[in-house]
Amino acid sequence: MKKDMAMSDDAVCQDSNTEMDGVNESSLLRNKHRQSSDVESEIQTPKRCVGLRKCCHRFWKPMQTKNHQLPENPSIPQRLKYSLLCPPHGNLAWYIQFLILVGITWAVLVSLTHSEALPGGNFFSLFVLFYASVVGGYLVSFFRLPPLLGMLMVGAMLRNIPVVKIVGESISMPWSSALRQIALTVILIRAGLGLDPQALRKLSFTVLRLAFIPCLAECCAEAVAAHFLLGFPWEWGFMLGFVLAAVSPAVVVPSLLSLSDRGYGLDKGIPTLVIAAASVDDVLAITGFGVVLGISFSTGDIALTIVKGPLEAMLGVVYGIVFGIVLWYLPSKDTKNPTLYRSLLLLGAGLMATFGSSAVHLSGAGPLGCLTLAFVAALRWRKEAEKEGDNGIGDMVGLLWMIFQPLLFSLIGAAVDINTIDGGTVGLAMGTLAIGLFVRLCASFGAVLFSGLSVKEMLFIPIAWLPKATVQAAIGGIALDEATKRGDARLMALGTSVLTIAVLSIVITAPIGAALISIVGPMWLRKQEDNKDGIGDDNDEETKSMTEL
């Protein structure tokens, strides 16, 4: 019995061994098959691909950045050679993507608008004007000048140079006016968001003096000069005065931040003082312009006309307060991506104020309503942003400004036709501008007397208060737009003169002011060598927070 059981066990073992041998043989066969197929593929691959791959590798190897690292102190030829290597990087990559974006934009416009996006069409002219002004601003920045100056010059060239003036002449006036109004709305929203109530409260008296006294003094001086030198009616003289009286944050703020980063003026808080006063100065000038604009174009009883100006300002303030409070609660806190909806509601309410006020013939209410709207809304938003560390609305508005800044300055430049300008008028206009600037310099120096500043620091303030650009570009053409709508030749001539003088003020004061600030600032302002005692920290942080938006 035992012998039979042993024999059966041996048989089972032999069967299992036989099965294992079969499995091993099949796996060996499969491996041999795979190896043979791999060998065949290896035999076939060099014939088809490997040679081409090696050829491409030898061709591209000298052009790749990973095979040509820069030394520690590269020479100019070495840097130039490295910048041309692949893949594209640095400035070359930016240029390539810019050209691709230009091509895509034009292709989309042609697909949608057909003939309007071809030479001679409105959209083609706006397309060329926008991208050419971006390039012009970029090139001008290499000379340490404000980019807006290059944008303005590009617009003027595209309107007055014989070969390319078809671009400026083909722009539709309603489109130009609407785009400039949108740009003005963005400027007003940025100004309202940038008004910091704490900074205004801290430097209230000095800020108000520096904002009100020079602005009103220059406005009155230029109104008188325009009346007697240019023959302007009094209301148009004051309109021109308010257009020219505003200082330009686009020039002043970057120049002061450059000095602030190097420690100049921090011990006395001069950057904070000037930037805070610049915001109030712009608010005052734009508000005054809106009121005088309403008076200038109103028809009817003179008493009603006089009352209409303050009434429009009051309506603008009420509109801004009401909608600003509404934006405290809308969108609700549980809304996904509330920053996007807040930005859309803020921009929509601002556009409604700007365009709606003109539609109901209360144009003076629009700018002040837009400013008040952004200021009131920011009172609550600023507290929430400090808790959450979020500045999304400022980023959104900043992105809009990046788009509309080239359009604004290039359209203003394109609106100036040199052939229609009288040489004698230009001379008198420059005289009017010079009188206003002289009065402004004197008033600015007087505004900071007894403020604890040294004589050199008090002399620096009027120089920093000199440049003009943003507000002049935003509101300089509004009077001409209103006159064009009415079809009155006399009013159109006055509007053209206001626009021409506004452009002259930008071309003259923006580069000179920026250059003087960068030259005189290090000479006349005290440099703070270190912050070991913490002096200037508050002012520096306050300055950056006020200009961040």
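The backbone N, Cα and C atoms fix where each Cβ goes, and this holds for glycine too.
Here's what TrEMBL has on this protein:
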type	residues	note
REGION	1-40	region 'Disordered'
COMPBIAS	14-29	compositional bias 'Polar residues'
TRANSMEM	92-112	transmembrane segment
TRANSMEM	124-143	transmembrane segment
DOMAIN	133-510	domain 'Cation/H+ exchanger transmembrane'
TRANSMEM	207-230	transmembrane segment
TRANSMEM	236-257	transmembrane segment
TRANSMEM	269-293	transmembrane segment
TRANSMEM	313-330	transmembrane segment
TRANSMEM	339-356	transmembrane segment
TRANSMEM	393-416	transmembrane segment
TRANSMEM	428-452	transmembrane segment
TRANSMEM	459-480	transmembrane segment
TRANSMEM	492-525	transmembrane segment
REGION	530-549	region 'Disordered'
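Long-range contacts of the transmembrane segment (492-525) within its own chain (CB-CB distance under 8 A, at least 6 residues past either end) are made by residues 144-146, 148-149, 152-153, 156, 230, 232-233, 236, 239-240, 243-244, 248, 251-252, 255-256, 258-259, 262, 264-265, 270, 412-413, 415-416, 420-421, 425-426, 429-430, 432-433, 437, 456-457, 459-460, 463-464, 466-469, 472-473, 475-477, 479-484. Only sequence-distant pairs (6 or more apart) were considered; of these, fewer than three Cβ pairs between the transmembrane segment (207-230) and the transmembrane segment (124-143) are under 8 A, so the stretches are not in contact. With a cut-off of 8 Å on Cβ pairs spaced 6 or more residues apart, the transmembrane segment (124-143) and the transmembrane segment (92-112) reach 3 or more such pairs and are scored as touching.
For the transmembrane segment (236-257), the partner stretch with the most Cβ pairs below 8 Å, chosen from 339-356, 428-452, 459-480, is 459-480.
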